[in-house]
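Sequence annotations record features per position, and here TrEMBL assigns transmembrane segment to B:26-51, B:83-112, B:124-145, B:165-183, B:213-231, B:278-300. According to TrEMBL, the domain 'ABC transmembrane type-1' annotation covers B:87-301.
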Amino acid sequence: MTDPRNLTPTTTGTAQIGLSVPNVTVRGPEVPRNIEALDPVFTVSGLSVFYGDYEAVRGVDMTIGNREITAMIGPSGCGKSTVLRCFNRMNDLIPGARAAGKILYHDEDLYGDHVDPIEVRRRIGMVFQKPNPFPKSIYDNIAYGPRVNGVKGKMDDIVEEALTKAALWDEVKDKIKQNALSLSGGQQQRLCIARAIAVKPDVILMDEPCSALDPIATTKIEDLMQELSRDYTIVIVTHNMQQAARVSDRTAFFTAEVDSAGVRHGRLVEFDETSRIFTNPSDKRTEDYITGRFG
Amino acid sequence: MSAQHLKTASGASRSLARSRPRYGEFAVKTILLMAAMVSIATTVGIVAALLEPTIEFFGEVSLGEFFGSTTWGPLFNPPSFGVWPVIVATVEITLIAIIVAVPLGLAAAIYLSEYATPRVRKTFKPVLEVLAGVPTVVFGFFALTFVTPVLQDVFPFLELEAKNALSAGLLVGVMIIPIVASLSEDSMAAVPNGLREGSYALGASKMLTSVRVVVPAAFSGIVAAIILAISRAAGETMIVAIAGGFKSVFTLYPGDEMATMAAFIAQAGSGDASVGSIAYKTIFAVGSLLFIMTFAMNYVSARLVQKYREVYD
């Protein structure tokens, strides 16, 4: 498997403007390649998501590889966040929301009757678009997850370990009892990542985690994602194509389509290795999107 | 006025000075200010009206007698002015009311804000607020003619008097449930949804999310609701006058009849205390005391809220 992260080195300090994508697409001969992850954490087949009668996303098939970073990109309203929120059953909290099709999590049906959504969310953590630390101390923010899950053990150590993994410990170790809202936006987002790590999840879902942050804070979060992908499976929804190109192993491109009845649905257009998506996409719509001709 | 400016500058230039006076703006501002002043003026007026008779009262009755004795009978002959019986009755009935209203009101608020579907919330909340619109005289008679007899039948060992602090306190509590529930629900509904999602995403149940995230985040609003409810309970008159009675014997037992400060004021004020008499002045002295008590409580709790509230955004 090629590693796109080595192809497009992470910029430091300043945001990279412009696409590092060739405008001319050269379609080579079909070579067998690694579209599906070999060691899947999630296997999605025929997933459709409904809000009431409205089918927001239709017929998604994809796999999420173990300890890989999978990016989901696409224009607004294409259903990428909706799909992400199926992975930890956050959509259950929206009245009228319902998923059809199948998501296997390590061979277990995520929407099976026996499945407890609370247990699901404990294994599959989530980081949100807007940093959402609780209005409590930094310490209590991290300790919250382990406490509500009845984790035994020395809380001080759990907190330090989570903050260290999220590359925040050195910045906050002297003010651990201060309100988390006194931190900067980027620090708050890393705190939210630390909070997710503290419950020792298997997967971390990130819903546009950098869209409210400045370029420097974004770089730090991206570096952190690289670091975390050694131990965790990460799925990230992003509006920022360069970010997807920089950090992810595989990329799923979604778009919104109007069907024959005139109703808009989110569709998965193409799912492939990130290097392939950004250099040699097989679908015209993907190519238009990543070269900036659309969206 | 603007002719000179029009001439001097080039192109599209006019003076930035106000082109004509805006009297309407001034009038609106004045009217709004006056509306705001009405409530302040009323408060100042009440304090001024209370002050003079109160000072006169303490010219005739010493502070030592007022706070140092437990015999209360300003309307009797000879009168006695030990204020403790009415203070105890007020505090006790307020306490019973709070014990009833805070758990029930908070539970209702958590249900409405966190558990109820939007449709249930839309029907339930107005119904709850209707309870706040029931005339207190209705609660009073309900306590006197229904609650007390039922309590006497079910718990005969309590030896409730026909009028007693317990029934009055229970119904004052019911009366203030809507205040606690409605205002607490408002402040819980104002907690950003992102905090709830953050909690659910960590594997917290709805109950834990409500109790450990939403309620602490809405804490200052909840405390404000409880304070308002306490103030209403302490000042409630009709229920305690009807169901609590007017007897001012010093007792701590809630099964006994006892008069609160508000009940005393209603009784003395509706009687034949002539203006300028000592009984008349006593009304104002008790009123001042009630005013100071509620004011002090509001102040202390405002400070507590400042200290402990969890600010978001």
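Each Cβ is built from the backbone N, Cα and C atoms, and glycine gets one as well.
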Long-range neighbours of the transmembrane segment (B:165-183), counting only residues six or more past its ends (CB under 8 A): 89, 92-102, 104-106, 108-109, 112, 125, 128-129, 131-132, 134, 136, 139-140, 142-144, 147-148, 151, 158, 221-222, 224-226, 228-229, 232-233, 236, 239-240, 242-244, 254-258
Other parts of the chain folded back onto the transmembrane segment (B:124-145), taken as Cβ under 8 Å at six or more residues beyond its ends: 108, 112, 116, 162-163, 167-168, 170-172, 174-175, 177-179, 181-182, 185, 236-243
Within-chain partners of the transmembrane segment (B:26-51) [C-beta distance under 8 Å, separation at least 6 from its ends]: 284, 287-288, 291
Positions on the same chain near the transmembrane segment (B:278-300), where near means CB under 8 A and six or more residues out: 46-47, 49-54, 56-58, 60-61, 66, 74-75, 79, 81, 83, 86-87, 90, 227, 230-231, 234-235, 261-262, 264-265, 268-269, 271
